[in-house]
Every structure is written in C-alpha cells, then in structure tokens.
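Record features (TrEMBL):
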- 19-138: domain 'Acyl-coenzyme A oxidase N-terminal' (DOMAIN)
- 149, 188: FAD binding site (BINDING)
- 285-446: domain 'Acyl-CoA oxidase C-alpha1' (DOMAIN)
- 431: active site, proton acceptor (ACT_SITE)
- 528-609: domain 'Acyl-CoA oxidase C-terminal' (DOMAIN)
Ligand SMILES: CCCCC/C=C\C/C=C\C/C=C\CC/C=C/C(=O)SCCNC(=O)CCNC(=O)[C@H](O)C(C)(C)COP(=O)(O)OP(=O)(O)OC[C@H]1O[C@@H](n2cnc3c(N)ncnc32)[C@H](O)[C@@H]1OP(=O)(O)O
Ligand SMILES: Cc1cc2nc3c(=O)[nH]c(=O)nc-3n(C[C@H](O)[C@H](O)[C@H](O)COP(=O)(O)OP(=O)(O)OC[C@H]3O[C@@H](n4cnc5c(N)ncnc54)[C@H](O)[C@@H]3O)c2cc1C
C-alpha cells in the first residue's frame, strides 16, 4: 500500500531522543547480526510464492494446512541453500532469527517447526556419532517430529505407557501402544507431514523396565507416504491456535524397529540385551530443557511484536480530549495507556537478556556434561523451569493487555493480536505445564532451604537463605540493588513458609508426597516478605510515573528499534506507516461476505420470513 506516513507517527519519530539503529544493534547483539538478519529477511520475504492472495482466516482447516505445507517446503529449501552458503541462520543469540520471519510467512505455525527445531536437535544431542553420521545427512528423506505426550500423560512423563520391548532373537525393539490412553497425542507435524519420529517409550529388556528412552521410528512410507503396517496415525483437529502445526496422534501395533534405532549417545542396549546406564538418568529429558531455554527468547520476540502494534496504533489513534476545550488526544497520552504498553516493551528486553544468558548457560553446562561433569544440570533445570513458566504466563498476559489496549480493533484478526495471543498462551502449557514447572523449581529451592534450616554449608548462590534466617537483610533501598535484595527476601520468605508447612504436614503424620501436595499452593504463590514499607511503595509508584513520562516521547522509537518488518508484523494496526484506517478498510474488502452485493442466503432464508405477510 502506497501513501504518506501518518502525521502523528512522523512527529513521534522526530521527538525520539536516542539513536534507533544503535538500539536495534544492541537487540541483535551487534551490527553485523543486524546486517545478516536483514539480508535473510530480504531474501526470504522477496519470494513471491510465500505470500497469500486470500487471508488465511478465510481458508478451511484443510486449506490452511495445505497452504502452510506448500510454504514450509519453500522455506525448507531456502534454509538448506542458506546453510550450504554458510549463512548461520539459527543463531539463538538473537531473537530475530529465521523463526521470526516464519511468523510473517505462516501468520501461524510452520508445520515443519518441530522437524527443524526439535527432531534434528534431539538427534544431534542424543544420538551416537555413528547414528548421527547415518541420520543427519543433508539429503535425508526423513521428515520427523518429537513424539512424547500421550492421551493419558503429558506432565507426568514417567507415566508414559508406550513400550519398546527388546527382542534379542531378531535384534529389534517392538514398539507398542497397549491401550487408548497410550496413544501419542499432540506432536507437531505428526498429523499429515512426518514420515519419521523420535518416540519416547518405556524400555523393557527381559521383563525389566528401564524407564523412558528415545527411539527413531519410521511411520510412513518414504515414497507413497502411506502409514506403515502397524501404524495408526492422523491429525487431532482444530485448536485455539497452532492450526497449521499439523498436531497428530499415533499408535503402534507391535511395530518393529532395529535395535540400533534407540538413541545411544548417553545410554546403550547391546546386542545381547545388556543395558548400559547413562551417567545421569535425566539426560533423556535434554530436548525439553533446551526448548524451555530457547522459548524465553521466542517469547521476548512475541512481546516485541505485540508492543510494536499497540504503541504505533496508540500514537495514531485519537480519541477523547483530556481537557474538554482541547482537541482529541493520541491515546498514547493517557498515562493508564502508557502503563499498559511500556511494561510490555520493558518485559521484552528483560526476557531477551535473560534468554540470551540462559542460552549461554546452557552452552556452558552442555560442554561440562560432555566432559562428564553433571554438577550444574540441576540448577540449569530449576532455572529453565521457572523462567519458562513465568515468561510464558507473563507474556500471554501482556499480549492480551496490548490487545485490549487497542480497543475493539484489537479484536480483529487483521490486527494480528489474537493470533499472537493464541500462539503465546500455548507456551504456558507445552514443554512443561506452568504449575508443574514451578513445582520443579520449588523442589530445588526447598532442598537448599532444608540445608539452611539445618545450618549446613550452602553454595554461594543460596547465601541469602542464611542471611534471611539470621535476619541479615538490609533495610529497603529504592534502587536496582535494593529491588534485588527485596526479591531475595521474598524468595527466602516464601520458601521458608512452604518448608514450614511441609514440616508441619509431616509432623502430623503425612507422607512426604502428600505433605508436598498440601503445601503446593504456597510453593507456587508469592507473598511479600521484604522489608519494604508503605512509604517505599509510594516512592516507587511516583518514580514509576516519572519514568512513564520520560519514556513517552521515545515510545515509538523504542518499538521501531525492534525493527520488525510489516510483512512479519501482519497487522493493520501496527504497520510502519500508521495508515490504520486505510488498511482496515482494505482488509475488510477481502471478506468473502463482501463478494456479492446481496448474499444468496437473503433469498433462501431472510426474504421468505420478512416478506411472508406481504407476498
Ligand atoms: C520446538 C522448536 C525449538 C525452537 C524453539 C523456538 C521457538 C519455540 C517456539 C515454538 C515451539 C513450538 C512448538 C511446541 C512444541 C512442544 C513440544 C512439547 O510440548 S514436547 C513435550 C514436553 N513435555 C513436557 O515438558 C513434560 C513435562 N514434565 C517433565 O518434564 C517431567 O516429568 C517433570 C515434571 C519435570 C518431572 O517429573 P517427575 O516425574 O517428578 O520426574 P522424575 O521423578 O522422573 O525426576 C525428578 C528429578 O529429575 C530432575 N529433572 C526433571 N527434568 C529434568 C531435566 N530436564 N533436566 C535435568 N533434571 C531434570 C528433577 O529436578 C528431579 O531431580 P531431584 O530428584 O530433585 O534431584
Ligand atoms: C500447542 C501444543 C503443542 C504441543 N506439541 C507437542 C509436541 O510437539 N510433542 C509432544 O510430545 N507434546 C506436545 N504437546 C503436549 C504438551 O507438552 C502437554 O500438553 C503439556 O506438557 C501438559 O501436559 P498435559 O496436557 O498432560 O497437562 P496436565 O498435566 O494434565 O495438566 C492439567 C492440570 O493438572 C495440573 N497438574 C498436573 N500434574 C500436576 C502436579 N504434579 N502437581 C500439580 N498440578 C498438576 C496442571 O497444573 C494443570 O492445571 C503440545 C501441546 C500443545 C498445547
């Protein structure tokens, strides 16, 4: 769409007091990354076949999938070319990697997301060198997915019922789905696309169960794509979002795979059925850990999209004067609106920084694990659980806040805010449900509180538990350091309260697991335990309002610095030029309900009733 940029946005950009490009480079972790990102954006976004004539909302469930899969294979081809050309496209140091461009191309989810993001990375992390040499070929026929969750079990993965029984007479595993609740359910790309999968199953050798292990299984013929004998596979149907993700179900009827299809980097089953244990029995859960870590950066990116849309719209939208004799104001001038939006911008930066820090920690801990040192794994797991849970839950709430901040127009699919919300809120559940993950972190904290309560030595990271017990916490200071101290006090106080409840339940004769369950609300809910006073809260509030006013002139600059192209933002409300109403009218004209001046339903259903007495 051509035409001038909205006048209010032009003025906002003139007001900006910092160098937008500099901030973009910081977000991208360096100017060279910005240049590379823009090259990839230009290359991919210029492929004409990736753009739809009809908005995807008007397509049927089946058409949506078919449209998405067409685009997915164009993108896959390009990714392969870029890899060959040695362009690093999946560098998670920047949230604006190739996944971000896909947000624009699919306006939903790439059905190959799990193939690209989880299938290959799990093989790379969990398969032996020989298996990797065989399976990680660039011209492989495999399109894979990650198959873990079942109809009956998602969170409690020890309860997974699919079995893999070793048959030493044929040197094979027999994959089997013993009952309906054991059907695999949810994996992305499984419904129609994948011909292979990594499946989590309980390993049985000579009648002994060795717990969950990962197996590579072909499920469809590479040539005809028909399900192999003994495989029942299909798609699970429409969802709140993720409707192009092709989530599927899968059952095995004594399906045989070679012994060498178990992923054997960390654990082995030998030809004679000997089981060689891993160095740490949770290494099998490594893919979940990695995805939880990468998700934090992805959520930062979703927040930057929502903030860009809502801030630009709020600069363009004028409604109500503040004083009755004045013209109507930009809604961005209302302090309550600033409060809704600026926190989203800030949270995006926070999650980006934390996501990067977690990514580097993951790299470091993985290198240690390769050297045989597992010491840092529990802490990384506890941090990943907590940060994934909190960032997904907060991001969903903030995206929804941005949507509401756009009033009625935020309810339009063409604003793209409903799709961003549906995508973001899914992350509260997948890769470990919110409460379940918080309880993992609580379990870790309670262990260290027990040490503190028993006056045993604590690692440096937990010295503040001892400070809390000795009442060594400083008086509240209204500064970043003071706020961090305050948070430490809250964690210590909350952990103590939960621990005390646990102890009380145990003293009353409860078993530990039952006592834990009874304390679980305390284990997940925060309270105020810091030394903050009423006066401090008032001071913090007024500083916060001062900051809103300081940020106000830079609001549009701050979201421009996220540097998200219109083709990726896909929003009538958030485009760079701010031509909101023109775009809304143009999108409305695409509605099939506007194709005929008089819809045929009028003649069939309306007219016979309204004209009944007059005919
Ligand atoms: C995907 C693309 C990648 C790119 C990313 C970019 C963008 C992402 C965008 C979109 C994503 C798109 C699609 C989404 C795809 C979704 C996929 C999935 O959802 S796959 C299925 C995920 N399922 C789960 O996460 C299940 C959750 N449950 C669990 O993880 C565990 O069962 C639980 C709850 C953590 C533990 O249960 P429990 O039965 O109590 O465990 P155990 O008794 O077996 O073990 C407890 C001890 O083990 C430690 N532990 C647990 N997990 C780990 C781990 N991962 N690493 C290290 N240690 C672990 C735990 O701390 C306990 O230790 P202690 O006994 O206390 O010492
Ligand atoms: C969009 C999407 C994509 C997905 N993609 C995949 C995929 O590619 N591959 C795959 O294998 N899976 C996938 N999943 C499945 C996903 O990982 C699971 O749905 C998720 O782990 C939650 O498990 P659940 O559904 O069993 O929830 P449940 O565990 O049944 O949760 C229901 C409720 O019970 C509570 N609860 C459960 N256990 C406890 C406990 N111990 N203590 C306290 N409360 C508890 C929860 O907090 C929640 O409130 C996907 C899911 C979604 C929504």
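Residue positions begin at 1 at the first shown residue.
Glycine is treated like the rest: Cβ placed from N, Cα and C.
Residue counts for the domain 'Acyl-CoA oxidase C-terminal' (528-609) under DSSP, split into helix (H, G, I), strand (E, B) and coil, are 53 helix, 0 strand, 29 coil. Per DSSP, the domain 'Acyl-coenzyme A oxidase N-terminal' (19-138) is made up of 83 helix, 0 strand, 37 coil. With a 10 A radius on its CB, residue 149 (FAD binding site) counts 18 other CB atoms from all the protein chains.
According to DSSP, residue 188 (FAD binding site) is assigned to coil rather than to any helix or strand. Cα-Cα distance from residue 149 (FAD binding site) to residue 431 (active site, proton acceptor): 10 Å (rounded to the nearest whole number). In this structure, 431 is the one among the recorded positions 188, 431 with the smallest number of other Cβ atoms inside 10 Å of its Cβ. On the backbone, the CA of residue 188 (FAD binding site) and the CA of the residue listed as 'active site, proton acceptor' stand 12 Å apart.
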